[in-house]
Amino acid sequence: MPGGASAAPWYTTAKSTVPIVICSLIVLFTMTVIGINAAFKHDKVRQHTLQQIKIKAEQERAKKAAAAKAKRRSSSSRRR
């Protein structure tokens, strides 16, 4: 017998494993979709955070430039 020492023919044991295989594939596919979705969400959050950091840095640069410009104006008006 091809199934070894078992008395059951091979196709009955194969039939019993089909639902397990299908269920395993469904679970694997679902986990893959969940993982990809989580990765995209994480990437979006990371990009948004980087964008916020860039905006804050630009605002700080603008403040410093405005302060330096005001300082130059006040020092040049004192010289006159």
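Just so it is clear, glycine is given a Cβ too, placed from its N, Cα and C backbone atoms.
What TrEMBL says about a protein is an automatic prediction, not a curated fact.
Looking at the stretches 41-60, 61-80, the one that TrEMBL records under the feature region 'Disordered' is 61-80. Sequence-distant contacts of the transmembrane segment (18-40) (same chain, at least 6 residues past either end, Cβ-Cβ under 8 Å): none.
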